[in-house]
Amino acid sequence: MQEALALFFGSESLLVGTIIPFLFVLTVVVFVHEMGHYLVARWCGIGAQAFSIGFGPELLGFTDRHGTRWKLSAIPLGGYVKFIGDESETSSPVGVNESALSEEDRKRAFHTQPVWKRAATVFAGPAFNIILTIAIFSVFFALYGRQIADPLIAGVQPGSPAAEAGFEPGDRFVSVEGEKITTFADVQRIVSGRAGDKLNFTVERDGKMVDLQAVPKIVERTDPLGNKVKLGAIGVETTEAVGNFRRIEYGPLESVGQAVIETGHIIGRTGEFFKRFAVGREDKCQLGGPVKIATMASKAASQGFDWLIQLMAMLSIGIGLLNLFPLPPLDGGHLVFYAVEAIKGSPVSGAAQEIFYRIGFLLVMGFMGFVLFNDLFAC
(Lines of atoms letter the chains of each structure in order from A and count residues from 1; the text may use other names and numbers.)
(Lines give C-alpha, C1' and ligand atoms only; values in the text may rest on other atoms or scores of the structure.)
Protein backbone atom coordinates (compact mmCIF):
# COMPACT_ATOMS: atom_id res chain seq x y z
CA MET A 1 0.00 0.00 0.00
CA GLN A 2 2.79 2.41 0.95
CA GLU A 3 4.61 1.60 -2.28
CA ALA A 4 1.45 2.32 -4.26
CA LEU A 5 0.99 5.66 -2.50
CA ALA A 6 4.63 6.55 -3.08
CA LEU A 7 4.26 5.73 -6.76
CA PHE A 8 1.55 8.38 -7.17
CA PHE A 9 2.26 10.95 -4.46
CA GLY A 10 6.00 10.80 -3.69
CA SER A 11 8.29 13.65 -4.79
CA GLU A 12 9.55 11.45 -7.63
CA SER A 13 6.18 9.82 -8.25
CA LEU A 14 4.19 9.65 -11.45
CA LEU A 15 1.69 12.21 -10.12
CA VAL A 16 3.93 14.77 -8.44
CA GLY A 17 7.06 14.18 -10.49
CA THR A 18 5.54 13.97 -13.97
CA ILE A 19 1.81 14.60 -14.35
CA ILE A 20 1.59 17.81 -12.30
CA PRO A 21 4.60 19.52 -13.99
CA PHE A 22 3.30 18.45 -17.41
CA LEU A 23 -0.23 19.73 -16.77
CA PHE A 24 1.12 22.96 -15.26
CA VAL A 25 3.19 23.75 -18.35
CA LEU A 26 0.53 22.66 -20.82
CA THR A 27 -2.31 24.46 -19.03
CA VAL A 28 -0.48 27.79 -18.96
CA VAL A 29 0.45 27.53 -22.64
CA VAL A 30 -3.09 26.56 -23.68
CA PHE A 31 -4.63 29.26 -21.48
CA VAL A 32 -2.45 31.95 -23.07
CA HIS A 33 -3.26 30.67 -26.57
CA GLU A 34 -7.01 30.67 -25.99
CA MET A 35 -6.85 33.99 -24.14
CA GLY A 36 -5.34 35.48 -27.29
CA HIS A 37 -8.35 34.34 -29.30
CA TYR A 38 -10.75 35.55 -26.60
CA LEU A 39 -9.29 39.02 -26.01
CA VAL A 40 -8.99 39.95 -29.67
CA ALA A 41 -12.49 38.61 -30.31
CA ARG A 42 -13.82 40.83 -27.51
CA TRP A 43 -11.97 43.84 -28.95
CA CYS A 44 -13.59 43.06 -32.31
CA GLY A 45 -17.09 42.85 -30.80
CA ILE A 46 -17.38 39.07 -31.12
CA GLY A 47 -19.24 37.25 -28.36
CA ALA A 48 -17.91 34.11 -26.68
CA GLN A 49 -20.17 31.37 -25.37
CA ALA A 50 -17.48 29.34 -23.61
CA PHE A 51 -13.82 29.44 -22.64
CA SER A 52 -12.60 25.98 -21.71
CA ILE A 53 -9.31 24.56 -20.52
CA GLY A 54 -9.59 20.93 -21.53
CA PHE A 55 -12.22 19.01 -23.48
CA GLY A 56 -15.14 16.81 -22.52
CA PRO A 57 -17.46 17.13 -19.52
CA GLU A 58 -17.19 20.24 -17.38
CA LEU A 59 -15.63 19.74 -13.96
CA LEU A 60 -16.18 23.24 -12.63
CA GLY A 61 -16.90 26.69 -13.98
CA PHE A 62 -18.82 29.94 -13.80
CA THR A 63 -20.63 32.31 -16.15
CA ASP A 64 -19.47 35.93 -16.29
CA ARG A 65 -21.61 39.03 -16.85
CA HIS A 66 -21.01 38.86 -20.61
CA GLY A 67 -22.58 35.40 -20.78
CA THR A 68 -19.30 33.52 -21.30
CA ARG A 69 -19.00 30.19 -19.50
CA TRP A 70 -15.48 29.78 -18.07
CA LYS A 71 -14.79 26.14 -17.31
CA LEU A 72 -12.27 23.45 -16.56
CA SER A 73 -13.06 20.25 -18.44
CA ALA A 74 -12.23 16.61 -17.81
CA ILE A 75 -9.60 15.99 -20.51
CA PRO A 76 -6.83 18.55 -19.88
CA LEU A 77 -5.00 18.14 -23.20
CA GLY A 78 -5.94 21.39 -24.90
CA GLY A 79 -8.70 23.95 -24.78
CA TYR A 80 -10.98 26.12 -26.86
CA VAL A 81 -13.05 29.28 -27.09
CA LYS A 82 -16.52 28.74 -28.50
CA PHE A 83 -17.86 31.89 -30.12
CA ILE A 84 -21.48 32.80 -30.72
CA GLY A 85 -22.67 30.94 -33.80
CA ASP A 86 -20.07 28.18 -33.60
CA GLU A 87 -21.39 24.69 -34.17
CA SER A 88 -18.19 23.14 -32.78
CA GLU A 89 -15.08 24.01 -30.81
CA THR A 90 -13.06 24.37 -34.05
CA SER A 91 -15.08 27.41 -35.22
CA SER A 92 -15.77 25.66 -38.50
CA PRO A 93 -18.21 27.70 -40.60
CA VAL A 94 -19.59 24.52 -42.15
CA GLY A 95 -23.10 23.90 -40.92
CA VAL A 96 -23.59 27.27 -39.21
CA ASN A 97 -27.30 28.05 -38.92
CA GLU A 98 -27.55 31.84 -38.71
CA SER A 99 -31.35 31.75 -38.83
CA ALA A 100 -31.35 30.18 -35.37
CA LEU A 101 -29.59 33.23 -33.91
CA SER A 102 -31.33 36.26 -32.50
CA GLU A 103 -30.69 39.62 -34.13
CA GLU A 104 -28.40 40.62 -31.26
CA ASP A 105 -26.45 37.34 -31.43
CA ARG A 106 -26.15 37.62 -35.20
CA LYS A 107 -24.35 40.95 -34.77
CA ARG A 108 -21.88 39.35 -32.35
CA ALA A 109 -21.50 35.97 -34.08
CA PHE A 110 -18.03 35.05 -35.29
CA HIS A 111 -18.97 34.13 -38.85
CA THR A 112 -20.91 37.33 -39.53
CA GLN A 113 -17.86 39.52 -38.89
CA PRO A 114 -15.67 41.14 -41.57
CA VAL A 115 -12.86 38.88 -42.71
CA TRP A 116 -10.18 41.01 -41.05
CA LYS A 117 -11.81 40.60 -37.63
CA ARG A 118 -12.03 36.84 -38.04
CA ALA A 119 -8.42 36.65 -39.23
CA ALA A 120 -7.19 38.82 -36.35
CA THR A 121 -9.06 36.67 -33.82
CA VAL A 122 -7.65 33.44 -35.21
CA PHE A 123 -4.09 34.75 -35.56
CA ALA A 124 -4.14 36.06 -31.98
CA GLY A 125 -3.83 32.57 -30.46
CA PRO A 126 -0.44 31.72 -32.00
CA ALA A 127 0.65 35.34 -31.60
CA PHE A 128 0.02 35.23 -27.85
CA ASN A 129 2.05 32.01 -27.65
CA ILE A 130 4.97 33.79 -29.29
CA ILE A 131 4.49 36.78 -26.96
CA LEU A 132 4.58 34.42 -23.95
CA THR A 133 7.91 33.03 -25.15
CA ILE A 134 9.30 36.54 -25.60
CA ALA A 135 8.06 37.53 -22.14
CA ILE A 136 9.72 34.52 -20.48
CA PHE A 137 13.00 35.05 -22.33
CA SER A 138 12.90 38.74 -21.41
CA VAL A 139 12.69 37.90 -17.71
CA PHE A 140 15.54 35.40 -17.96
CA PHE A 141 17.78 37.82 -19.84
CA ALA A 142 17.01 40.55 -17.30
CA LEU A 143 17.74 38.25 -14.35
CA TYR A 144 20.68 36.23 -15.63
CA GLY A 145 22.05 37.98 -18.71
CA ARG A 146 23.81 35.82 -21.27
CA GLN A 147 27.05 33.84 -21.25
CA ILE A 148 29.03 34.54 -24.42
CA ALA A 149 32.41 33.70 -25.91
CA ASP A 150 34.34 35.32 -28.72
CA PRO A 151 34.16 33.38 -32.03
CA LEU A 152 37.76 32.18 -31.77
CA ILE A 153 38.84 28.61 -32.46
CA ALA A 154 40.93 27.04 -29.70
CA GLY A 155 41.08 23.57 -31.20
CA VAL A 156 40.16 21.55 -34.30
CA GLN A 157 39.24 17.88 -33.91
CA PRO A 158 41.39 15.59 -36.10
CA GLY A 159 39.47 14.10 -39.02
CA SER A 160 36.54 16.48 -38.53
CA PRO A 161 34.90 18.52 -41.32
CA ALA A 162 36.73 21.58 -39.97
CA ALA A 163 40.10 19.81 -40.20
CA GLU A 164 39.37 18.71 -43.77
CA ALA A 165 38.28 22.25 -44.69
CA GLY A 166 41.49 23.81 -43.36
CA PHE A 167 40.35 25.55 -40.18
CA GLU A 168 43.17 26.30 -37.74
CA PRO A 169 43.41 27.20 -34.04
CA GLY A 170 43.38 30.97 -33.68
CA ASP A 171 40.96 31.53 -36.57
CA ARG A 172 38.21 34.05 -35.79
CA PHE A 173 34.82 33.45 -37.43
CA VAL A 174 33.66 36.52 -39.36
CA SER A 175 30.63 35.14 -41.19
CA VAL A 176 28.78 31.91 -41.95
CA GLU A 177 26.64 31.77 -45.08
CA GLY A 178 26.89 35.56 -45.26
CA GLU A 179 25.58 36.09 -41.72
CA LYS A 180 27.82 38.20 -39.49
CA ILE A 181 29.25 36.33 -36.50
CA THR A 182 29.82 38.05 -33.16
CA THR A 183 29.91 35.12 -30.71
CA PHE A 184 30.88 31.45 -30.80
CA ALA A 185 27.23 30.60 -30.14
CA ASP A 186 26.29 32.26 -33.45
CA VAL A 187 28.37 29.66 -35.27
CA GLN A 188 26.83 26.81 -33.29
CA ARG A 189 23.32 28.11 -33.95
CA ILE A 190 23.78 28.17 -37.72
CA VAL A 191 25.79 24.97 -38.07
CA SER A 192 23.62 22.85 -35.74
CA GLY A 193 20.64 22.87 -38.09
CA ARG A 194 22.53 22.39 -41.36
CA ALA A 195 24.02 18.89 -41.16
CA GLY A 196 24.93 17.66 -44.64
CA ASP A 197 24.85 21.13 -46.24
CA LYS A 198 27.97 22.70 -47.70
CA LEU A 199 28.40 25.95 -45.77
CA ASN A 200 30.54 28.95 -46.62
CA PHE A 201 32.70 30.36 -43.83
CA THR A 202 34.85 33.46 -43.66
CA VAL A 203 37.50 33.55 -40.94
CA GLU A 204 40.14 36.07 -39.99
CA ARG A 205 43.65 34.57 -39.87
CA ASP A 206 46.75 36.67 -39.17
CA GLY A 207 44.88 39.81 -40.19
CA LYS A 208 43.67 38.37 -43.51
CA MET A 209 40.24 37.11 -44.56
CA VAL A 210 40.14 33.45 -45.55
CA ASP A 211 37.14 31.76 -47.20
CA LEU A 212 36.52 28.10 -46.34
CA GLN A 213 33.83 25.51 -47.01
CA ALA A 214 32.77 22.70 -44.70
CA VAL A 215 29.92 20.21 -44.49
CA PRO A 216 28.67 19.73 -40.90
CA LYS A 217 28.26 16.11 -39.85
CA ILE A 218 25.58 14.77 -37.54
CA VAL A 219 26.59 14.28 -33.93
CA GLU A 220 24.42 13.05 -31.08
CA ARG A 221 24.38 15.06 -27.88
CA THR A 222 22.43 14.86 -24.66
CA ASP A 223 20.68 18.11 -23.73
CA PRO A 224 20.22 19.30 -20.11
CA LEU A 225 16.84 17.52 -19.94
CA GLY A 226 18.32 14.18 -20.96
CA ASN A 227 17.04 14.16 -24.55
CA LYS A 228 19.18 12.64 -27.28
CA VAL A 229 19.43 15.35 -29.94
CA LYS A 230 21.14 15.15 -33.30
CA LEU A 231 22.92 18.30 -34.41
CA GLY A 232 25.25 19.43 -37.13
CA ALA A 233 28.86 20.09 -36.09
CA ILE A 234 32.12 20.85 -37.90
CA GLY A 235 34.46 19.85 -35.06
CA VAL A 236 35.82 23.11 -33.64
CA GLU A 237 35.89 24.22 -30.04
CA THR A 238 36.81 27.19 -27.93
CA THR A 239 38.05 27.48 -24.37
CA GLU A 240 37.60 29.97 -21.56
CA ALA A 241 41.09 31.36 -22.11
CA VAL A 242 40.79 31.72 -25.89
CA GLY A 243 37.10 32.62 -26.10
CA ASN A 244 37.15 35.11 -23.21
CA PHE A 245 34.02 33.64 -21.58
CA ARG A 246 31.95 36.34 -19.92
CA ARG A 247 28.43 37.26 -18.89
CA ILE A 248 26.62 40.20 -20.46
CA GLU A 249 23.92 41.90 -18.41
CA TYR A 250 20.90 43.55 -20.00
CA GLY A 251 18.53 46.29 -18.91
CA PRO A 252 14.75 45.87 -19.25
CA LEU A 253 14.48 47.14 -22.84
CA GLU A 254 17.64 45.33 -23.93
CA SER A 255 16.26 42.13 -22.43
CA VAL A 256 13.12 42.41 -24.54
CA GLY A 257 15.22 43.05 -27.64
CA GLN A 258 17.38 40.01 -26.95
CA ALA A 259 14.26 37.94 -26.30
CA VAL A 260 12.79 38.96 -29.65
CA ILE A 261 16.05 38.05 -31.41
CA GLU A 262 16.26 34.68 -29.63
CA THR A 263 12.62 33.92 -30.46
CA GLY A 264 13.29 34.82 -34.09
CA HIS A 265 16.21 32.38 -34.15
CA ILE A 266 13.97 29.62 -32.78
CA ILE A 267 11.33 30.32 -35.42
CA GLY A 268 14.00 30.21 -38.13
CA ARG A 269 15.48 26.94 -36.85
CA THR A 270 12.02 25.40 -36.61
CA GLY A 271 11.20 26.35 -40.19
CA GLU A 272 14.54 24.98 -41.39
CA PHE A 273 13.96 21.75 -39.46
CA PHE A 274 10.54 21.10 -41.03
CA LYS A 275 11.82 21.89 -44.53
CA ARG A 276 14.58 19.33 -44.06
CA PHE A 277 12.23 16.88 -42.35
CA ALA A 278 9.82 17.01 -45.30
CA VAL A 279 12.56 15.73 -47.63
CA GLY A 280 13.87 13.11 -45.21
CA ARG A 281 16.96 14.96 -44.01
CA GLU A 282 16.06 15.08 -40.31
CA ASP A 283 15.65 12.31 -37.77
CA LYS A 284 12.00 11.49 -37.02
CA CYS A 285 12.89 10.94 -33.37
CA GLN A 286 13.51 14.67 -32.99
CA LEU A 287 9.71 15.04 -33.01
CA GLY A 288 7.90 14.12 -29.82
CA GLY A 289 4.35 14.10 -28.54
CA PRO A 290 2.69 14.32 -25.14
CA VAL A 291 4.68 11.47 -23.60
CA LYS A 292 8.01 13.08 -24.51
CA ILE A 293 6.80 16.48 -23.32
CA ALA A 294 5.66 14.97 -20.02
CA THR A 295 9.06 13.31 -19.60
CA MET A 296 10.80 16.61 -20.31
CA ALA A 297 8.52 18.40 -17.84
CA SER A 298 9.42 15.86 -15.18
CA LYS A 299 13.16 16.30 -15.75
CA ALA A 300 12.83 20.08 -15.90
CA ALA A 301 10.89 20.16 -12.63
CA SER A 302 13.53 18.01 -10.96
CA GLN A 303 16.20 20.56 -11.92
CA GLY A 304 14.27 23.57 -10.65
CA PHE A 305 11.38 25.90 -11.40
CA ASP A 306 13.54 27.96 -13.79
CA TRP A 307 13.98 24.93 -16.02
CA LEU A 308 10.24 24.28 -16.05
CA ILE A 309 9.55 27.86 -17.12
CA GLN A 310 12.15 27.60 -19.88
CA LEU A 311 10.41 24.46 -21.11
CA MET A 312 7.14 26.39 -21.04
CA ALA A 313 8.69 29.02 -23.32
CA MET A 314 9.82 26.39 -25.82
CA LEU A 315 6.49 24.55 -25.73
CA SER A 316 4.59 27.81 -26.17
CA ILE A 317 6.39 28.80 -29.34
CA GLY A 318 6.16 25.22 -30.59
CA ILE A 319 2.39 25.17 -30.17
CA GLY A 320 2.11 28.64 -31.68
CA LEU A 321 4.04 27.65 -34.79
CA LEU A 322 2.27 24.30 -35.11
CA ASN A 323 -1.08 26.08 -35.08
CA LEU A 324 0.04 28.26 -37.99
CA PHE A 325 0.44 25.25 -40.29
CA PRO A 326 -2.00 25.84 -43.20
CA LEU A 327 -4.23 22.89 -42.36
CA PRO A 328 -7.77 23.04 -41.01
CA PRO A 329 -8.75 22.67 -38.22
CA LEU A 330 -5.53 24.43 -37.13
CA ASP A 331 -5.50 28.23 -36.97
CA GLY A 332 -3.34 28.37 -40.08
CA GLY A 333 -6.01 26.53 -42.05
CA HIS A 334 -8.61 29.12 -41.07
CA LEU A 335 -6.22 31.89 -42.10
CA VAL A 336 -5.83 30.33 -45.55
CA PHE A 337 -9.61 30.40 -46.03
CA TYR A 338 -9.74 34.04 -44.91
CA ALA A 339 -6.90 34.98 -47.27
CA VAL A 340 -8.76 33.40 -50.19
CA GLU A 341 -11.96 35.17 -49.11
CA ALA A 342 -10.16 38.52 -48.94
CA ILE A 343 -8.70 38.04 -52.42
CA LYS A 344 -11.84 36.81 -54.21
CA GLY A 345 -14.29 38.93 -52.24
CA SER A 346 -16.49 36.04 -51.12
CA PRO A 347 -16.13 33.10 -48.74
CA VAL A 348 -14.83 29.74 -49.88
CA SER A 349 -17.83 27.51 -50.61
CA GLY A 350 -19.13 25.30 -47.84
CA ALA A 351 -18.49 22.17 -49.91
CA ALA A 352 -14.85 23.09 -50.52
CA GLN A 353 -14.35 23.94 -46.87
CA GLU A 354 -15.87 20.61 -45.82
CA ILE A 355 -13.45 18.72 -48.07
CA PHE A 356 -10.42 20.61 -46.78
CA TYR A 357 -11.55 20.24 -43.17
CA ARG A 358 -11.78 16.47 -43.55
CA ILE A 359 -8.40 16.23 -45.29
CA GLY A 360 -6.82 18.54 -42.73
CA PHE A 361 -8.33 16.65 -39.82
CA LEU A 362 -6.95 13.35 -41.14
CA LEU A 363 -3.50 14.86 -41.64
CA VAL A 364 -3.46 16.41 -38.16
CA MET A 365 -4.62 13.16 -36.58
CA GLY A 366 -2.01 11.29 -38.60
CA PHE A 367 0.72 13.62 -37.35
CA MET A 368 -0.45 13.23 -33.75
CA GLY A 369 -0.46 9.46 -34.17
CA PHE A 370 3.04 9.61 -35.67
CA VAL A 371 4.56 11.55 -32.75
CA LEU A 372 2.72 9.37 -30.23
CA PHE A 373 4.10 6.26 -31.93
CA ASN A 374 7.56 7.83 -31.70
CA ASP A 375 7.01 8.43 -27.99
CA LEU A 376 5.85 4.92 -27.20
CA PHE A 377 7.62 2.59 -29.60
CA ALA A 378 9.99 4.01 -32.20
CA CYS A 379 12.29 6.29 -30.21
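Cβ atoms here come from the backbone N, Cα and C positions, even for glycine.
For His33 (Zn(2+) binding site), applying a Cβ distance below 8 Å and a minimum sequence separation of six or more within one chain yields Gly79, Gly125, Pro126, Phe128, Asn129, Ser316, Ile319, Gly320, Asn323. Taken from Swiss-Prot, the feature Zn(2+) binding site covers His33, His37, and the record attributes it to sequence analysis.
DSSP assigns Glu34 (active site) to a helix in the three-state reduction. Within its own chain, Glu34 (active site) has Phe51, Ser52, Ile53, Gly79, Tyr80, Val81, Gly125 as residues 6 or more apart in sequence whose C-beta sits under 8 angstroms from its own. Look at Swiss-Prot and you will find Glu34 tagged as active site, backed by sequence analysis.
The annotation transmembrane segment is assigned in Swiss-Prot to 39-61 (among others). Packing against the transmembrane segment (39-61) from elsewhere in the chain are residues 27, 30-31, 67-84, 86, 89, 105, 107-110, 113, 117, 120-121, 124: each is 6 or more residues past its ends and has a CB under 8 Å from a CB in it.
The transmembrane segment annotation in Swiss-Prot covers 122-144 (among others).
Summarising the annotation, Swiss-Prot assigns domain 'PDZ' to 133-208. Applying DSSP to the domain 'PDZ' (133-208) sorts its residues as follows: 26 helix, 21 strand, 29 coil.
Look at Swiss-Prot and you will find 305-327 (among others) tagged as transmembrane segment, backed by sequence analysis. Note on the transmembrane segment (305-327): residues 21, 24-26, 28-30, 32-33, 125-130, 132-133, 136-137, 140, 224-225, 263, 266-267, 270, 293, 296-297, 299, 333, 335-336, 360, 363-364 of its chain, located 6 or more positions outside it, place their CB under 8 angstroms from a CB of the stretch.
Non-local neighbours of the transmembrane segment (355-377) in the same chain are 90, 92, 94, 284-285, 287-292, 327-330, 333, 337; each lies 6+ residues outside the stretch with a CB under 8 Å from one of its CB atoms. What Swiss-Prot lists as transmembrane segment is 355-377 (among others), and the listing cites sequence analysis.
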List the residues of the same chain that sit at least 6 positions away from His37 (Zn(2+) binding site) in sequence and have their Cβ under 8 Å from its Cβ, in sequence order, or write 'none'. Val81, Thr121, Val122, Ala124, Gly125
